Amino acid sequence: METLCLRASFWLALVGCVISDNPERYSTNLSNHVDDFTTFRGTELSFLVTTHQPTNLVLPSNGSMHNYCPQQTKITSAFKYINTVISCTIFIVGMVGNATLLRIIYQNKCMRNGPNALIASLALGDLIYVVIDLPINVFKLLAGRWPFDHNDFGVFLCKLFPFLQKSSVGITVLNLCALSVDRYRAVASWSRVQGIGIPLVTAIEIVSIWILSFILAIPEAIGFVMVPFEYRGEQHKTCMLNATSKFMEFYQDVKDWWLFGFYFCMPLVCTAIFYTLMTCEMLNRRNGSLRIALSEHLKQRREVAKTVFCLVVIFALCWFPLHLSRILKKTVYNEMDKNRCELLSFLLLMDYIGINLATMNSCINPIALYFVSKKFKNCFQSCLCCCCYQSKSLMTSVPMNGTSIQWKNHDQNNHNTDRSSHKDSMN
């Protein structure tokens, strides 16, 4: 029976049950029987890590079982609960932050412009991921299995989970690129003052971003399936990427480099190019009476450019450890290396850190806007104070019209101070 279990587990590893390059695949396989085993796929082989035995069995690519890690490489239950706490914190902060950001842009007419529309699109993508994917992730961590793994709804979640995760990342990446291009356009046409409203070009960009993000995530929905397997005499099912066609095999082979190139390098390169062009444009137009007349106008645009640049830097910091771990698994790992077990432990820890940081990116943008942008900071304070006042009014049975009056008065007070900048504050 033990040999049969090992063969089944080895077969499972070969078809792709891995500690993956992205949160949805990694979390899927990490949570499935975390107290029983965790599989890790390197460049040429897969590990079967058993946490109930004193040693970890390493199954080389030739199928022999003479090589094994002398020490136990495992994922402790402490990490499971740490990840659960982190996920719950990200869920709360992401819900409040992104929902508040969307409310600010929707309720304040002076905030309805092109760049803010892109920021709202980014926040909505993060909110969808936080609301749908994070609860599934927490369930898997605590229950140790995929939700509804024995019915069709579990299959639906298995395809929806990676699809939404990849779509959310795509929306973030493409919105950051669009914001960088928008900042260059704003500086290049520095004599043009745009009024309130979302330009048609920006609306088309947002629709295109969402459509393209969904299209690029389709292979995830196609490839992820519920795969049954036997382990220690028991039948289990896990959600994983299982290539069943030539296209999916090709996608699985190049996915690491595709994710690194498109979902990480592209927004950084795009920002570097357009911010360099923007800097050159500003240096070439240092003089001129019109520029002096529009000095406050240009100051606002520089502040917005700084805000967008901050969002890109945060994105890079959050996602770099995860992509680095993936590249190391692709390029550094060697099954014949005597220190491969130490490398495995290091990559496991790196995956934990990288996935938590990558997930944190879904809730950190509203916080960054609060500290970087004075206008968003004022709006956040007004909105949150309004909510607190409304809650207090409900507890003390105060009529709700007082709340709306306070919000309107506060908005009127801020409107005068922001009148000179609302035309292009986030333009």
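Glycine residues also receive a Cβ, built from the backbone N, Cα and C atoms like all the rest.
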- Regarding membrane topology, does Swiss-Prot annotate Q107 and K377 with the same topological domain? yes
- Message: With the disulphide bonds as Swiss-Prot has them, who is the partner of C158, out of C69, C88, C239?
- Response: C239
- Query: Among the residues N62, N242, N287, which does Swiss-Prot list with the feature N-linked glycosylation site?
  - Reply: N62
- Item | N-linked glycosylation site per Swiss-Prot (candidates: N29, N98) | N29
- With the transmembrane segment (81-102) as the reference, find which of 113-132, 160-181, 257-278 contributes the most Cβ pairs under 8 Å. 113-132
- Message: Over the span of the topological domain 'Extracellular' (230-256), how high is the average pLDDT in this prediction?
- Response: 84
- Query: Do you know which of the disulfide-bonded residues C158, C239 has the most other C-beta atoms within 10 angstroms of its C-beta?
  - Reply: C239
- Message: Any contact between the transmembrane segment (113-132) and the transmembrane segment (257-278)? By contact I mean 3+ C-beta pairs closer than 8 Å, pairs at least 6 apart along the chain.
- Response: no
